[in-house]
Amino acid sequence: MERRPLIAGNWKMHLTSDQAVALARTIADAASDVADRDVMIAPAFTSLPAVAEVLADSPVLLGAQNVAWEEQGAFTGEVSPVMLREFGVSLVIVGHSERRHIFGETDDLINRRLCGALRFGLVPILCVGETLEDREDGITMQILEQQVRSGLAGVEAGDMARVVIAYEPVWAIGTGKTASKEQAQEAHRFIRSVVGNLYEKKLAQQVRILYGGSVKPENVDSLMAEPDIDGALVGGAALKSESFARIIHFI
Ligand SMILES: O=C(CO)COP(=O)(O)O
């Protein structure tokens, strides 16, 4: 089963709108020759309109870093899927570890966000990952299973075909410590098996699973060579045009 790779840059809470436009321009140029893979960048909400204009004639997809589940309403501080669609956003990150650990987002809340994204035609990127403590306690796979199952609760097979999952071990995010390709492959294969138990095996083979956590030009090729790693969710290295350009062009 051929899965189309996806390289996604998560800009987190970095860059003013002017800076975001400048970086988006260089990435659009760098990605102009890629045909066999998807590339996405997710700027801060405030930069979406300006970055959307830059990407209008580019194959680079526009992503957002979070999403609410209702079209509109009394949800102070939230941004609705319809508001994101208005600016050409097509993918949205949900359940990022920073949302879970800094802002206390629960599995239930993340599931609501994911379902809201699907309902309004956005592709959700569901992030899952264990902490260092979980790994040392030997409960990595239980944590991943729990996060995948609750994140996907109520999602029908027809919608599941659009969902992307990102495995981001918390201990590897922003630390410079990448999971070894063996650790990442083991987690990805396990996540695919969990999806296979929830849905048909064929569907599990179609689902793209990205790796995130200190992805860099130096390690992207070996990670991408693993059979169940279908792409990367990149933080720090996505903020530098040369390094993200190299990551997009992984071999
Ligand atoms: O959280 C991440 C992407 O969502 C990973 O961040 P880093 O690439 O900076 O480790």
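Every residue, even glycine, has its Cβ placed from backbone N, Cα and C.
Taken from TrEMBL, the feature substrate binding site covers N10, W11, K12, G174, S214, G235, G236. In three-state terms derived from DSSP, G174 (substrate binding site) belongs to neither a helical nor a strand segment and is classed as coil. In sequence order, S214, G235, G236 make up the list of same-chain residues 6 or more apart from G174 (substrate binding site) whose Cβ falls under 8 Å from its Cβ.
For H96, the entry in TrEMBL reads active site, electrophile. Its Cβ placed at the centre, H96 (active site, electrophile) has 27 other Cβ atoms within 10 Å.
Under DSSP, E168 (active site, proton acceptor) is assigned to coil, being neither helix nor strand in the three-state scheme. Packing around E168 (active site, proton acceptor) is summarised by its Cβ count: 27 other Cβ atoms lie within 10 angstroms of its Cβ, all protein chains included. TrEMBL lists E168 with the feature active site, proton acceptor.
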When you measure from each Cβ to the nearest atom of ligand 1, which of the binding-site residues N10, W11, K12, S214, G236 fall under 6 angstroms?
N10, S214, G236
Shell of the substrate site beyond N10, W11, K12, G174, S214, G235, G236, same chain only (C-beta within 8 angstroms of their C-beta centre)
I173, V234, A237, A238, L239
Where does G236 (substrate binding site) sit in the DSSP three-state scheme?
helix
For the binding-site residues N10, S214, which one has its C-beta crowded by the most other C-beta atoms within 10 angstroms?
N10
